[in-house]
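Engineer: Quick one: the structure is below, and I'll ask about it shortly.
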Amino acid sequence: MAEGSGIDRKAEERMEFTTSKEVTVHPTFESMALKESLLRGIYAYGYESPSAVQSRAIVQVCKGRDTIAQAQSGTGKTATFSISMLQVIDTAVRETQALVLSPTRELATQIQSVVMALGDYMNVQCHACIGGTNVGEDIRKLDYGQHIVSGTPGRVADMIRRRHLRTRHIKMLVLDEADELLNQGFREQIYDVYRYLPPATQVVVVSATLPYDVLDMTTKFMTDPVRILVKRDELTLEGLKQYFIAIEKEDWKFDTLCDLYDTLTITQAVIFCNTRRKVDWLTDKMREANFTVSSMHGDMPQKERDSIMQDFRQGNSRVLISTDVWARGIDVQQVSLVINYDLPSNRENYIHRIGRSGRFGRKGVAINFVTSEDVRILRDIELYYSTQIDEMPMNVADLIA
C-alpha cells in the first residue's frame, strides 16, 4: 500500500491543526492544479484523496512559500514534499532543481523510491546520494544530471564541494525529519550545504516533532514561512496501545523479553536499544537462546543494511533489533509490535519509534521496559506527549493478534 493511501481518516478528522490563516484546504488532488502526468503517477501509486497534511501543504509549497509542515508518522509526509517537488521541477532541464536532506541513508533511499514512483509518467531523474555507497557511481549519476537529489548531509556536502552536484538551478531544499537533522550532529553539515545554494532557494521543513529550538533554528534560513502544524498533544498515533513492564534490574530485561516471545504470536516486531553495542549483545544473546532475529545499526556496511531492510520488508525476517537509525520514517507495513528494550535517550525519538507500529491506522502495540531508573523518563514522555502509558495486561497477546 502506498504511504498515505491507507490513512486513518477518522483519526484525521479529530486532528487539530495550528496553521497559518492563509492556508486553504484542497480536498482533492485535481483541485491542486497539478500536472496531468503527475496526477497519473499519484493515482497509480494508490492515492485516492489527499491526507490532512497533503491537502494543506502541497499547494503552499508549489506556490514557492517557505513551509514548516508538522504531521505524525503515517500521514503521507514524504508524498507531500515529493508531489510538490515533482510539480515545480522542469524535466526538460537536466539539472538538480530540488534537494532533500534526511538523517539516515535508509530514509533518503526510501524518498528516492517514492519520488520515482510518483513521477513514473514524467521521465524524472532522481538519485539517492548517501554515505556508505560507491562514490564513483554518485559522480557518474550526478554528472549525467538529476532533477531531484535525496541524500544524507555528509555525502551531499562532499558532492557539492567536488562540484559534481551542481547547485545553480536548485530552487527547493527540503529538510526531512528536521528535528533529527538539526540536532548537533547534522547542523554544521546542513549549513555547509545551504551556503552553496542560490539565495532565493525555497526551504521546506518536514517533521513529526518540532521542538522549540528547531523552530528557532528555522528563522535563520526561512523567510516568512507558512506553518502547517499539528498540536503536540495530538502527536501520539491513534490506534496505538502503549504499555510498560516494570523490571527491577537491567539484567532481568533479557529474561522478560524471552518470556514475551513465548506468549506473543507476532507478525513482525522491532526491538529498540540505545547503542550499537547493546544491539550486537542482545542479538547474540537471543540467537544463543535459539530465537531467530536480525539486527541493524549505523556501523554496518550499507549493502548489509539494505539487505537486512529488504528481508524485513518482505517478511523473511520477523524480528529486528535496531538502534534509532531505523526509527525515522522507515515504512514497513507489517510491524505490529515495538519493544523499547531501552527507553529512548531523546524523548522526541519516542514517537518515531512507536510510530513504526500501527502505521496508516493499523492496530499496534508498544511495550516499554522500565527499570526504577527509567521511571522519570517514562513520566517525562507521558507529559511531553500528553499520553498515558499503562502497565502491560496479562492478555497482551490478544491485543496484537
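If you go along the chain as it appears here, the first residue is 1 and each next one adds 1.
Placed from the backbone N, Cα and C atoms, the Cβ positions cover glycine too.
According to Swiss-Prot, the feature ATP binding site maps to Ala71, Gln72, Ser73, Gly74, Thr75, Gly76, Lys77, Thr78, an assignment based on sequence analysis. The annotation domain 'Helicase ATP-binding' is assigned in Swiss-Prot to 58-228 on the grounds of sequence analysis. Annotation comment: Swiss-Prot describes 239-400 as domain 'Helicase C-terminal', evidence class sequence analysis. Residues or ranges marked as motif 'Q motif' by Swiss-Prot: 27-55. For 176-179, the entry in Swiss-Prot reads motif 'DEAD box'.
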Engineer: Give me the DSSP three-state residue breakdown of the motif 'DEAD box' (176-179), ordered helix, strand, coil.
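Structural biologist: Per DSSP, the residues of the motif 'DEAD box' (176-179) fall into 2 helix, 1 strand, 1 coil.
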Engineer: Going by DSSP assignments with H, G and I as helix and E and B as strand, what are the residue counts for the motif 'Q motif' (27-55)?
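Structural biologist: Here the numbers are 16 helix, 0 strand, 13 coil.
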Engineer: Have a look around Thr75 (ATP binding site) and count the other CB atoms within 10 A of its CB, chains all included.
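Structural biologist: Neighbour count, Cβ to Cβ under the 10 Å cut-off: 27.
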Engineer: Let me know the model's mean pLDDT on the motif 'DEAD box' (176-179).
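Structural biologist: Summing pLDDT over the motif 'DEAD box' (176-179) and dividing by its length gives 89.
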Engineer: Count the other Cβ atoms sitting within 10 Å of the Cβ of Lys77 (ATP binding site), across every protein chain shown.
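Structural biologist: Lys77 (ATP binding site): 25 neighbouring Cβ atoms within 10 Å.
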Engineer: What does DSSP assign Lys77 (ATP binding site), in three states?
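Structural biologist: Assignment for Lys77 (ATP binding site) reads helix.
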